[in-house]
Structures are given as structure tokens and as C-alpha cells.
């Protein structure tokens, strides 16, 4: 018998014993009422469920903002041991850094993480493995990194508790922030995912960084899309960026303004990198060079955009290895943040750089190179560029990055696509070992 049963209903007073028959009647009546109300409640819940519209349309891609905060298991001695091992600096020099790479299972994140590890830096990856594109490709990238001793934590930049835990266990000197909702056209289908990842996620990360001691220096991925509807080329960091052509571009522009705010108020050292059409092995399936390759091999027709009056659409295609060199140079030249305890103690570094190839190539030329590499003739369909956020021309002025980062791209499109095609054929033929080379 529970000790609670010994306590009288009115302490200090005599409790009159009730008739057992009356007790049974009331008990049966209570059961009847309970059954009735349970049935009523069940019917009400069923009705509400049937009348509620589905939160995600099954015929369209699911919302990454809903997927990314799913519960993941983290914590515990074994988990913390893996973190510390991955974060350990293994270089003989005294200038090694410890970096948190967000979006580490993404295209650029994978290559940057691997390059940092190769030179002996400590690296922890963070990725939510959402299904904006095939998650199996992201997991293959993770397997590649883990063979090099890099631990990729499965989690989201909007998970504040996870971020706090990571910074509590590891004293990061730098953050390489590459996590984002990518893609210009997808923003028309799922706009909320861009605000969730590219704005809210960035703010969450900066909030954690400003509160830790010491504060890390932060390098983050902006985008060439911030130049929007500018017609003056090549694009320079001094040009206006107040006419974004897509929601994606607007969120990246917002990120630059947010960075300025946190630099000004909290003394965070921040460097933004405006990437220009990155391509190469382990790339993103939503990029034109990638799905062109897939469709050409399958004998499907590919659509090539034309700008107004049958004008040429061209991109400043930049090979992944050149982008990685720029990222590492930005990390190496980043000055320390000046804040402490969430308060600014002095002026802090704030920079933005273009990372491009400086040689725009018409998309039609890209297709011709792919045809030669694949030894397959493409079925081409020329169509007018839709108003979906794409712009007809991109061209980077990289003089600032050359001067301050020593940035010098060396890979032309033909050489880069040859490497991509070799990787693509190896990976999708099932030869993962050859693809990893």
C-alpha cells in the first residue's frame, strides 16, 4: 500500500466509512463516464487529424527547415572522445588551427575539411544531411572524411544546445561556416528554408561565437549572387549589391549585413567569401554541369538558357581546388576577434572577397566540353531564360583577393571538367575507391 493512502482526506478529523454497495455503484458510474469521455476524446482527435491538411506536400520536396531539427543522439564519453581526437592539431609547427566546419558533408565543406586535415589542423564537421539533394552522396563524402580522421557531427546550426556543447568541449580558434540552403531556383518552391538556414542559422552561430571566450575568427560563404541585377562587369567588392535577383541572393546579402552588425557590436572577426559557380568532383547534383552530365549519358534532352535577344548566358566557373585555396588563405589571414564575454574590446577585422576564375565561359561551351569528355552528343534544347532568379552573366574581379590572400586560380574549365567527368563515371559506376582518389 502506498504511503499516500494512509493520509486522511481531512487531516486531524475522523473519516466516516462509506457503504461498499454505494462505493461499487459510484465506481461503475465513474467507469462509464471515463469510457464515454475517452470515446468522445478519441473521436475528436480523429476528426481533427482527418481534417488537418498535410504539413508537407508529398509530391514536392520536403521542407529542409522541418527536417533539419530532428532529434539526433549526441553526448557521452565516447562522443566527446571522438570530438577531441578530431580537433587535435597534428602539425609540428606552432601555427595549427582548430576549425569547426559547418556544412562539412557538402561539396565545398568536404574539400575544405580534407585540405585542413591534410596539413595537420584540427577539424570538427557539422552537417544536418538534409535531402535537398541525395543524402547518400553526403554520407559518401562523410565516409571519405572519416577515413581521414575527421568526425562529422550530425546536427543543425539552429540547434543552439548542440552548438553550445561543441564549443564547451572544443576551443575552436576558427569557424568555417559553409552550411546553407543552396540553389537559386528552389527558393521559389520553398522560401522558408532559405530564411531558416541562411539567416536564422547564421545568427544562431554568431550568437554562440560572440559569447564564448576566446571568440573564434569566422570565415563564411557568401555568394556571387549578391551582385544580382548589376550590369557592370567584372563584379567588384566595391559594387552595389542592393538589387538581388532571387531570395537566395537576398538571404546571402542579409548575411553580409548581419556579419557587419556582429563585427561592429561584439568584435567578431568576420571574412565573407563570394563564390563564383563552383564545380568539380563530389559536386552538387543541382548544378548545371552535374545534371547535364547525367542527362547526356542517359540520352535525355538538356535545356540551355538564352538571355534576351538570343544573348549568351555565361558563368565564371571556378574549380573546387582553387576555391579551397582561397578558403584556407582566408582562414590563415583572419585576425583574432576582439570581444570577450559578449563585449567588444576593440576594432575587429571585417572583410569580403570575390573567389572566382575571372574567365566567364558560355554555357554552350560548357556543354561542348562535356560532349568531348563523355564522347556522347547532347540533345540540346535552347530556351529563353525564365524569371526564376538566374542572371545571364557572372564575372569576378579578384584583384582584392590576389592582393590580400595571394589567391590565384590555376584550373581552366576544360581541365576541371575532365577531372569531374572522371570522378562522376567512377562514382556512379559503383567504384567508390576510384572516386575517392
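We count from 1, first residue shown onward.
Placed from the backbone N, Cα and C atoms, the Cβ positions cover glycine too.
Look at Swiss-Prot and you will find 248 tagged as active site, proton acceptor. According to Swiss-Prot, the feature NAD(+) binding site maps to 98-129, an assignment based on similarity to another entry. The feature region 'Disordered' is assigned by Swiss-Prot to 56-76. The transmembrane segment annotation in Swiss-Prot covers 30-50, 96-116.
Features as recorded by Swiss-Prot, highlighted on the structure.
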residue	record	Cβ within 10 Å
98	NAD(+) binding site	19
102	NAD(+) binding site	27
106	NAD(+) binding site	27
110	NAD(+) binding site	30
114	NAD(+) binding site	19
118	NAD(+) binding site	10
122	NAD(+) binding site	26
126	NAD(+) binding site	27
248	active site, proton acceptor	25
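Residues 87, 89-90, 122-127, 129, 138-139, 141-142, 144-145, 148, 150, 152, 157, 166, 170-180, 182, 205, 216, 221, 275, 278, 280, 282-284, 320-321, 323-324, 327-328, 331-332 of the same chain sit 6 or more residues outside the transmembrane segment (96-116) yet have a Cβ under 8 Å from a Cβ within it. In this structure, residue 102 (NAD(+) binding site) is part of a beta strand by DSSP. In this structure, the CA atom of residue 114 (NAD(+) binding site) is 27 Å away from the CA atom of residue 248 (active site, proton acceptor). Spacing of residue 98 (NAD(+) binding site) relative to residue 248 (active site, proton acceptor) is 30 Å (Cα to Cα, whole number). Counting in whole angstrom, residue 122 (NAD(+) binding site) lies 31 from residue 248 (active site, proton acceptor) by their C-alpha atoms.
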